[in-house]
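Features reported for this protein in TrEMBL:
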- 47-57: compositional bias 'Basic and acidic residues' (COMPBIAS)
- 58-70: compositional bias 'Polar residues' (COMPBIAS)
- 108-126: transmembrane segment (TRANSMEM)
- 113-580: domain 'Major facilitator superfamily (MFS) profile' (DOMAIN)
- 176-195: transmembrane segment (TRANSMEM)
- 207-224: transmembrane segment (TRANSMEM)
- 230-250: transmembrane segment (TRANSMEM)
- 262-281: transmembrane segment (TRANSMEM)
- 386-409: transmembrane segment (TRANSMEM)
- 421-440: transmembrane segment (TRANSMEM)
- 452-472: transmembrane segment (TRANSMEM)
- 492-515: transmembrane segment (TRANSMEM)
- 527-546: transmembrane segment (TRANSMEM)
- 558-576: transmembrane segment (TRANSMEM)
- 1040-1059: transmembrane segment (TRANSMEM)
Amino acid sequence: MLVKTLSRESEVTSIDRPPLHAIFNLSTWVGIGINMAEHSTAVEPNMTEKQEKREQPSDSGSRTPSSVDSSRAVDQKSKSPGGLMGFFAKMGDLPEWGFRGKRLEGKLLNWSIGFIASCGFLMFGYDHSLLTLDDFQRSITLMTPLDQSNALCWLDYPENTQRDYSQCTGDPNTQAAAVAVYQIGCFLGAFLILFYGETWGRKSSTFWGSAIMIFGTILQAGAHEYGLFSAGRIIGGVGNGMVTSTIPTWQSECARPHQRGFLITLSGALISGGIMIAYWVDYGFYFLEGTVRWRFPVAFQSFFTIIVMIGLLYLPDSPRWLAMKGRMEEAREVTSRLLGKPIDDEEVTLEVKAIQDALEVQSQGGGFKYKELLTNGPSQNLRRTLLGIAAQFFQQICGINLITYYAGFLFENSLGFGPELSRLLAALNGTEYFLASLVALPLIERTGRRKLMLFGAFGMMASMAILAGTVSTGTVADNGAPNLETRYGVTATVFLFVFNSFFAIGWLGMTWLYPAEINNLRIRIQANALSTCSNWLSNFLIVMITPPAFANLGYRTYVMFAVFNAAIVPCVYFFFPEPKGRSLEELDVIFASAHADKVNPVKRAREMRHVEGRELENELEKYFGSKNEGLSVANKEWMRRLNVVDLRHSEFSDTEGSVSSVHSIQHASGAQVRPATQNNPSSLLTTILGFPRSNPKQFIFFILTILLSWKLEIYSKLATPFYDYTAGDWATIFQYTFVLRYTRLFCNIWGSWRYEPSPVQAWPKWTNRDVTVILPTIDPGNVKFVKCIISVLENRPAAILIVAVGAKMRRRCEKVARRYKKQYPSTRIGVSAILHPSKRRQVAHAVPHVDTEFTILADDHVYWPSTEFIPSVLAPFEDNNMGVVATYKRVLRTTPGKWSVISIVNLIGCFYLLRHNWELRASNAIDGGVFVVSGRTAAYRTKLLKSMGFMDRFCRERFFFGLFGGKGLGPDDDNFLTREAYRHGWKVKFQQTEDSVVETSLGDENAVKFRGQLIRWARTTFRSNPCMLRRVSDVYTWRMPYTYVAVYAAALFNFALFWDATLFVSLYLSWHTRGVFTSEMGLLALWVLWTKTIKLWPHILRHPSDIPLIPCQILFAYAHSLIKVWALFTFWDCAWLGRNLDAVDAESKELRKELDKHFTFA
């Protein structure tokens, strides 16, 4: 059934579009090349179900404002994508339970959120001092580096003359890697929140991160080898990264300003609590025997994780996130519970109003885009993001994980204590660490953030300097064990404790609090995720370098960290503003006023007094613009259009309850969303940041291919001939063939990467009522035609003009029109017919009867899955120079995975249009050009179609200097329209969104018909492209040079069979005498295989059962070259292969005399 997207709200709302390029190497191209991924999963309509659930029309036959022009403010669930992305989206739907039927509220709710968040950080801190346990090293031998002081490494310890090769098989780098991969997992988890944090919400992200941690823990606890243990650490790290990226944001958005610092710092303090528990568990199990000594401490962390998962089911999400997703009633209810006041209390109203005001200001730029993180306007997004990143970076670079991860290692191998004493000291150190972190709790809201950070950095610098001095006095015994005088050993031990104290007071919880509160609501989850990524990357760096650093630098390692801490002090003093006691919205004012007055935000935060209530609202209006300036002229015109008809919305809604009030706020302000300018260049950094968010599937594949193919040497192998001139002429042929063959591919990948569709505006100029759909048909009795009519009517255009052939066919169309007119009274359905079948003449017959601003030309066998199709297609027309909009075509897959002729032909049809879409997307992004605007469905400005002599030229086109074409060329109609649009100076936009998809049938009937279509399309290329190059050369040469050369010219010579054969033959002949034939030819074959499949991934993600059929597509690519050769030598044949027009003409012949060519309207 068609997806309903109508609303019960009287406010007109807009789409809530969810807010995931690299250096040239093979894995990068694999990741980026999947960029043609489609963004919608359409559901084939079921006629019976549809008739049962269709809404009854209103008296006037029109829809509500939210359904006529943009039913795009829909319940998020109705717009959720399918497949893998749909699964991810549904992960955010967690329930909230109550105790004995009553939900938590007031102080109990606040402290419960604090407790669960603290448990989340407790499990974060629970890491293990296991690296020197004998049983751990016996179980995983790669974790045991050869060390003279380790008895496990020698058969005759302490003489150390006979090494035990079965036990000590690792090295310091391997040991460090097993610890450090946890940070890589955490980094990936933080990046996952970067993509899906706003979709899942704060609560659900923490829940699923905890679930992933449990799975990783199971793998670690049950591991018997290095690989499985490392895999478990990576997976556990992914979950931890998700949790630690989300909890600070969740807490900061739920807590009151005077409680925020205390609660988040408490969570940070419990990191040290987890470390303390880990050390004592490790110490206690040290006295046992067997692998339980290390397996239980690893498994024990699941205890805290389970507490978190259960507790989350009894807690709400943050009111700010709920408001941002349009769930204002839930946001108000949660706010009242957090404040412990009735829902209609004035304080609750003011709090919700402040959230709404902040959202309104931040939503004026439309949907979130990653380039906003790089802007430094009034919101100072770049500065605030960098502050959060720097805070997390400083926390790690100070050297704390030198102590945390390697406490036992340091006491044994740096200070020379025995194994038992080392573990006891590590446990005592963890205890002192936890107690010191509690000192910060009463100080955080009294002294503020800055003073504690400065105090901590200075103390850590001094501690590291003293550690360096004491350890430098030590010597190394013959067996490799360190020797340190008692006084120096005691001093070093004391200052390890002192270092922990300074860190716990000044930096432990602080850096989880600071990024969460310093960033504004619009970018908070993304900026906080980036800061967490910074934490884990720097954490990974420190953990990786520590064992090698001690092995090579010795005591100088402490000197290095002392210097790092010294550099932190001036950075904090000059750049970190004090957010103590400020509301999150107040911080927006601090940065905006500092920007306006050109002063340092540090100074402004120190001088500006506290503001709240109406004064805060006025300050937000002052720096971010008024919210009550009234409707603009464009908005008033838009409202006038909506009021032309009586709009009774309540009868057309499928959704229950209210729709996103956040969007209504935006509309009430009269703020216009700036349309994305076509071909607007952006910086490389902006694009790299934007790619993962907008293309999550592609980025996931990019990461996977990096991990799986990082040792592949195809690049250097294929590049060898460029640097070796001894191979002769064949090497030169290979070089130039390779460049000519794949330069266009790389350019298309880049273009597809930077493509951006035109966004639907909050207050669009044009609505569904500005559109007429022309539908030429020669088969109105087909079920596909009925399906097409219904999908068009669901979009409520102003009119549909159906043009058939002959009187008999006209009567069939009139019958269909009468059947559906009663269900869609707001759309005029006109029917007419002409004497002979000709799509061009059918279109030309209808164009004079169009009285709307825009005309959509559609085939009779296409289907529009979305009821938002027309608003999405009209979005590019906000640009007054836009003349034509091409749509994204997708073939309906009939029998995925089946080995039958029809299934394979249908699959090849799917891939054929997929590749076509990808090339359209790429060229349109690069210079605005397109190969052709497909005639299956496209939108045109009516004045282009009605311009002087346009339809006459359309119907009388001939080719090859006028020698061929008869009385007028039948096929190639879409090529003519594309060419004329460019000749008249209009822009053309390829629109690829989840709503602008059209589904069509291709190859689902028989192979002969599909072969005829392929021949017709190939002939069109050889007929039309020379016309494009000749007649529009001035347009393409200056405005669209890439399209001129790489699209139209290259298509005339694009024979895959010839090019690939040349590559293989030239490679073989140039390297045959070198004895490397097998490997080099294999690498080239792998490369060619990749280039053949790179564009197919979007389909494979939707239909994985088609993977075994991919070889059929590869074979077809070469068979298609032969088809194109045949088409080249028969290009003058203008037959419309794929449609039996002769039979249609014969059927209409008998009744031609009675034919009425006038339009009749149902």
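Glycine residues also receive a Cβ, built from the backbone N, Cα and C atoms like all the rest.
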Query raised in the report: Which listed stretch (230-250, 262-281, 421-440, 452-472) has the most C-beta pairs under 8 A with the transmembrane segment (108-126)?
Result: 262-281
Query raised in the report: Most CB pairs under 8 Å with the transmembrane segment (176-195): which of 230-250, 527-546, 1040-1059?
Result: 230-250
Requested in this report: Answer with yes or no whether the transmembrane segment (421-440) touches the transmembrane segment (492-515) by the criterion of at least three Cβ pairs under 8 A, sequence separation 6 or more.
Outcome: yes
**Report entry** Confidence summary (mean pLDDT) of the domain 'Major facilitator superfamily (MFS) profile' (113-580)
**Finding:** 79
